[in-house]
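As recorded in TrEMBL, the features of this protein are as follows:
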{"type": "TRANSMEM", "residues": "7-23", "note": "transmembrane segment"}
{"type": "TRANSMEM", "residues": "35-54", "note": "transmembrane segment"}
{"type": "TRANSMEM", "residues": "61-77", "note": "transmembrane segment"}
{"type": "TRANSMEM", "residues": "89-110", "note": "transmembrane segment"}
{"type": "TRANSMEM", "residues": "115-133", "note": "transmembrane segment"}
{"type": "TRANSMEM", "residues": "153-175", "note": "transmembrane segment"}
{"type": "TRANSMEM", "residues": "203-224", "note": "transmembrane segment"}
{"type": "TRANSMEM", "residues": "236-254", "note": "transmembrane segment"}
{"type": "TRANSMEM", "residues": "261-282", "note": "transmembrane segment"}
């Protein structure tokens, strides 16, 4: 029974692939595989960021705003200010990490629920993003940055996908095979007991929120480099997919826990569904229905199975 539960999403994924391959002659092709793998690195990185905070029972609703801010900041520094790509990327990542530290300070140290803090701070950050871009799409990102993000690297797939894959591997190792990962699981199960046991609960929770914002910024940088431009409103569209994938990922590979490979599978499971709908001519609102329905189904199944409690907002 445990094996069936662990791989149920993979089985459904295979069935979805078969269905769309049957309905569309052009779906089952290497070009479709490359398209799916090449275009979803941003969602993958954002999902892994969300997964880290959810793993310690924190809910970061600012992830979309951070994606937008990180991409726009690097675009402004690189494209408008003429800063070399390396320093521009570093500054953007540090700025996003500092934003996560502010979230952590208010939520963890002052005791304000993270869902409330990040809802407000995300709106604030969106305003800042609109301010630094003058509410316009920022273009002019250096050709070197664009090539780095878009040129085929291996098997015709750009480098960011492999970076996301390595990030997934690193987070899997940390969460499953290190003392830090075990402490995060302990905190998620019972925060007060973990505190009484001597774990540095405050530091770990704060670190998770900082990591979420850092990865959100990285996702935004990849988005800007891939598109060779940054839209200050683009980040909002990544909030729902990231949470849908994170919750769906908690029902597979390691059921009952937010885990890296489960998140990886969930991202490409959802992407396969969206791509299949597009091949059949159902773009736009059906995609929102698919993402929203997947999130509701994933959360419901996780709750009914009784493996884990959902993040506490108090």
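Note that Cβ sites are derived from N, Cα and C of the backbone, with glycine treated the same way.
Remember, TrEMBL labels are computer predictions, not curated facts.
From a predicted model like this one, the values you see are computed outputs, not experimental measurements.
With pairs at least 6 apart in sequence, the transmembrane segment (115-133) and the transmembrane segment (35-54) have fewer than 3 Cβ pairs within the 8 Å limit; the two do not touch. Here the transmembrane segment (153-175) does not lie next to the transmembrane segment (89-110) in space: the count of CB pairs under 8 Å, restricted to residues six or more apart, is fewer than 3. With Cβ pairs under 8 Å as the measure, the transmembrane segment (7-23) is packed most heavily against 236-254, out of 61-77, 89-110, 115-133, 203-224, 236-254. Of the two recorded stretches, the transmembrane segment (61-77) lies close to the transmembrane segment (115-133), with three or more CB pairs under 8 Å once pairs fewer than 6 apart in sequence are set aside. Within the chain, the transmembrane segment (261-282) has long-range Cβ neighbours (under 8 A, six or more residues past its boundaries) at 9-10, 12-13, 16-17, 19-20, 23-24, 26-27, 32, 35-37, 39-40, 43-44, 47-48, 51, 165, 168, 172, 241, 244-246, 248-254, 290-291, 294, 298. Long-range neighbours of the transmembrane segment (203-224) within the same chain, counting only residues 6 or more positions beyond its ends whose Cβ lies under 8 Å from a Cβ of the stretch, are 41-43, 45-46, 48-50, 52-53, 55-56, 58, 60, 62-64, 66-75, 89, 92-93, 95-97, 99-101, 103-105, 107-109, 114, 138, 141, 149, 160, 167, 180, 183-184, 187, 230, 234-235, 238. Residues 59-66, 68-69, 72-73, 75-76, 99, 102-103, 106-107, 230, 232, 235-236, 311, 313 of the same chain, all 6+ positions outside the transmembrane segment (115-133), place their C-beta atoms under 8 angstroms from a C-beta of that stretch.
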